[in-house]
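Listed in TrEMBL:
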type	residues	note
DOMAIN	88-198	domain 'Amino acid transporter transmembrane'
TRANSMEM	90-110	transmembrane segment
TRANSMEM	116-136	transmembrane segment
TRANSMEM	169-189	transmembrane segment
DOMAIN	257-528	domain 'Amino acid transporter transmembrane'
TRANSMEM	288-309	transmembrane segment
TRANSMEM	329-351	transmembrane segment
TRANSMEM	363-384	transmembrane segment
TRANSMEM	412-433	transmembrane segment
TRANSMEM	445-470	transmembrane segment
TRANSMEM	476-499	transmembrane segment
TRANSMEM	511-531	transmembrane segment
Amino acid sequence: LSFFPSFRPFHVEPTNIVSVNDDMQRVTDEASAMNKRIHYYSRLTSPADRALIAPDHVLPAPDEIYVYSPLGTAFKVDSCTDGYGKNSSIVTIFMIWNTMMGTSILSIPWGIKQAGFTSGIILILLMGILTLYCCYRVVESRKMIPLIDTSNWEFPDVCKYYFGSFGQWSSLLFSMVSLVGAMVVYWVLMSNFLFNTGKFIYNFVNDINVTDIVLGTNGSNKVICPSAANSHPPQNRSVMFSSGNSTGFELFEEWWNKSQTVPFYLVAVLLPLLNLKSPSFFAKFNVLGTVSVVYLVFLVTLKAARLGIHLEYTWFTEDDFFVPEFRILFPQLTGVLTLAFFIHNCVITLLQNNRNQENNVRDLSIAYFLVGLTYMYVGVIIFASFPSPPLSKECIEQNFLDNFPSDDIMSFVARIFLLFQMMTVYPLLGYLARVQLLRQFFGNAYPSIFHVLLLNIAIVGAGVAMARFYPNIGGIIRYSGATCGLAFVFVYPSLIYVISLRRAGQLTWPALIIHIFIILLGLANLIAQFLL
C-alpha cells in the first residue's frame, strides 16, 4: 500500500514576492515538502534504479497525486495541492475514502448475508469504529518517539524502531500478503468480468437469445441464483438460442469458460505488462476507480428502486427465503471488513500532506464515516432489495454482480468499467510488490529480467490457480484481510502504544487491558476464518 506524489524543482516568481520573510517561508515550506517526497522515492527503490524518477515529459503535473491501494482503487487527484505540497482537508478526506473504496464493496452484501442483516449492520459500525481507533494509534505512533526526527517515517519504520529486524521483516511479510492477496482477487474478478463481457458481446453480435439453466426471477429486472444447484460458481450452461450456428455456439462455450480458459487468456496480456520497469503510463487511467464506485452506487440505487424491498425478520431460526438476523458465520463479515477498512499501511503518508495537521483526527474520522456509509448503503440496499421470495437470501453471491445475468445492460457496463480499471491497476500493484520484495533481498527493484520474470510468474500463477480452483473473492478477501489486519490493524498499533506509554511511565491497567483485548480480537478474527 503506497503513495506516490510527483515532484519538480520549486521556484519563486519575483512578482509574487510580498516580503523577504514571506518569500523565505514559502521557499522553506516548498523545499521541505519536496525533500520529503524525494526521500520517500529513495526509500522505495535503490539509487541506481531510476524507475520512480521519471523525466519531465513522463511525470504528471506537480499538483497531481496518485494513491495506490490493494483491494482498493488507484486514483489521481488533480490540482489538489496548495502549491507547497499540501492538501486541503476536503482533498485529504477524498483521498482516504477513495483509497479504501475498492473490490471489497462487491462482497459486503454477501458478508451481511453470512452474518445476518441486523448483526451485519452492527458489525459494520463496530469494525469501522475499531479500525478507526487503531488507525489513529498508527498516526500517533511517530509522535511518541522522543529525540528522533520521524517526519519522513512510515509505519514500517516505526515497527522497525520498536521491534528491530523482526518488525522490519514481519511488516514486509504482511505487506506482501495484502499486495499479493489484492492481485489474486483482481485476477479472479478480471476473469469473471472478462467472461461475462465476452459472453454478452458474442451473444449480441451473433443475435443469440440464450436461456441459462439457472434459477432466477422473471421480467425485465431479472435476478439470478447461480449457486442454487450446487455450491460451485455459475457456469456457462446455455441451452436455448433463437438464431446462429449451434456448432459455433458450442465451440464458443468450450473455449470461453470462466474457470478453465479465461484466466489463462489474461496471462498473455498482463504478464508482459508486469515486467515493465515503470508503471507510470497506467496511472493516467486510475480515475476510473472513482467512476466505478460512483457507478456501482448508481446501479445499486436503480436496481433497488425497481425491485423493491424484501425483508422479513427471523431472529434465530432458518427460513426458506430469509436468513436469521444473527448467524454464527459473522466472522466471515469481520474478515472482509478488516480489509475493507484497511488503510493503516499508508495513512501516515496521506495525512502528513494535510495542510492543517491539527485537523488530522477530524479528517480521518470523516473519511472513515463516509467509507462506512458507502459500505453500509451498498450492502444494505442489495440485501434488502434481493427478491425473496421467489429467491432465497442465501443466493446472494460473493460478488453481487454475479446475481445479475450477463445480458443485463447496466451490469455489463459495470463489468466493463471494473475490468478496464483493474487491468490498469494490476501492473501498479505488481510494481509495488516487486519494489518491496526485490529491493529487500537484492537492493534493487529490477536486479535482472530473470528475477522480475520469476517473481511475476509466481504472482500470476497464484492468481490463475485461484481463479481456476477457488474463485471465491469473499473467501480470499477475508483470509488476506484477517491475516494482514492482525499485524497492521490490531497487534502493532496496540503494542507500540502500550510500549510507548510504559517507557513514558504513563501506562495504566485500563489502557493495558483494552489494548490486550484489541489484540485478542484480531487473533480471534484470524482463527475464526479457518474454522467457519
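A Cβ is built for glycine as well, from the same backbone N, Cα and C atoms used for every other residue.
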DSSP residue counts for the domain 'Amino acid transporter transmembrane' (88-198), split into helix, strand and coil: 96 helix, 0 strand, 15 coil
Closest-packing stretch to the transmembrane segment (445-470), where packing means Cβ pairs under 8 Å, from 90-110, 288-309, 329-351, 412-433, 511-531: 412-433
Stretch of maximal Cβ-Cβ contact with the transmembrane segment (116-136) [cut-off: under 8 Å; candidates 90-110, 363-384, 412-433, 476-499]: 363-384
Contacting positions for the transmembrane segment (329-351) when only residues 6+ beyond its ends and CB under 8 Å are counted: 1-3, 40, 67, 69, 71, 92, 95-96, 99-100, 104-105, 107-108, 111-112, 114-116, 119-120, 123-124, 127-128, 131-132, 134-135, 138-139, 142, 153-156, 175, 178, 181, 357, 360, 363-364, 368, 371-372, 375, 474, 477-482, 484-485, 488-489, 493, 524-525, 528-529, 532
Maximum Cβ pairs under 8 Å to the transmembrane segment (412-433) - stretch from the list 90-110, 288-309, 363-384, 511-531: 288-309
Chain residues in Cβ proximity to the transmembrane segment (511-531) (below 8 Å; excluding those fewer than six residues from its ends, i.e. six or more beyond): 130, 134, 331-332, 334-335, 338, 478-479, 482-483, 485-486, 489-491, 494-495, 497-498, 501
Folded-back contacts onto the transmembrane segment (476-499), same chain, C-beta under 8 angstroms, at least six residues removed: 71, 103-104, 107, 111, 131, 134-135, 137-138, 140-141, 144, 155, 158-159, 162, 167, 170-171, 174-175, 177-178, 180-182, 184-185, 188, 332, 334-342, 344-345, 466, 470, 507, 511-512, 515-516, 518-519, 521-523, 525-526, 528-529
Long-range environment of the transmembrane segment (363-384) - Cβ separation under 8 angstroms, sequence gap at least 6: 89, 92-94, 96-97, 100-101, 104-105, 108-109, 111-113, 117, 120-121, 124-125, 128, 131-132, 135-136, 139, 293, 296-297, 300-301, 303-304, 309-311, 337, 340-341, 347, 351, 354, 393, 396, 400
